[in-house]
């Protein structure tokens, strides 16, 4: 029985050693929150939770603080299952539409380690809060199938959109008919651009994250991936200004009419202009001389060619007198 007892102990020890390794493969999910309009007081959370484990309750507090300002006309909740921090670096080019939306937003924060509770759909809680807090009646669920298109809306009513993409393939995996992880991220990025392009106005607030923890290769668990540091470590992002307030600033008073060509300093040329006469005296004299000579020649030609009265008339007159 001793060998069997030792074997059982070895199994227990092996299981205890294996458990941390398996847990190391479970990633806290990354998340992006960005808004077209300025949301005062949100940027402070970036410094407070940057690179720190963010409990789900704290994340919900930040999200509701952003939502409660009710300054957007569309609230978009994007769920990308399987998203990891490494995707923002390794597949940045496949997410360049999302990158541009974040870059041009007035308010944007990122959380790299959101510790969500598995199988807890926090989007439903946030959507319910949004609709209640901002008095929104319309909610649209989009399956996230990039081959499908939904009917765009043109009414200027505040809405909530939820986009649920299918899970991403694992790193290095190729799925028939879908492609690699890079291919799927790029297709989803284009679909997100399509969805955002159907919005009646650009005044949106977007939540982009994975609602489930993903597994990554062991080689990635020890690596540090910052989400687009060129954006989020830029000191100008610490300043709370509305980067998209151009319309309000560029529509004040009416601009007075101004011709394309400014003729205010134009000078009108005349033959009596002294400067013109001084600069072109020789040419003017030559033109006048040629003109006078031409006139004289024409008068002389007329005089030379003038026909004399016919003598035959005089003879007829004399004959009449004789008779």
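Placement of Cβ uses the backbone N, Cα and C atoms for every residue, glycine included.
What Swiss-Prot records for 145 is N-linked glycosylation site. Residue 145 (N-linked glycosylation site) falls within neither a helix nor a strand when secondary structure is assigned with DSSP, and so counts as coil.
Summarising the annotation, Swiss-Prot assigns signal peptide to 1-23.
Summarising the annotation, Swiss-Prot assigns topological domain 'Lumenal' to 24-281.
According to Swiss-Prot, the feature topological domain 'Cytoplasmic' maps to 303-323, an assignment based on sequence analysis. Mean pLDDT across the topological domain 'Cytoplasmic' (303-323) comes to 55 in this model.
If you look up Swiss-Prot, you'll see 282-302 marked as transmembrane segment, on the strength of sequence analysis.
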Problem - Listed in sequence order, residues with CB under 8 A of residue 145 (N-linked glycosylation site) and six or more positions away - result: 166
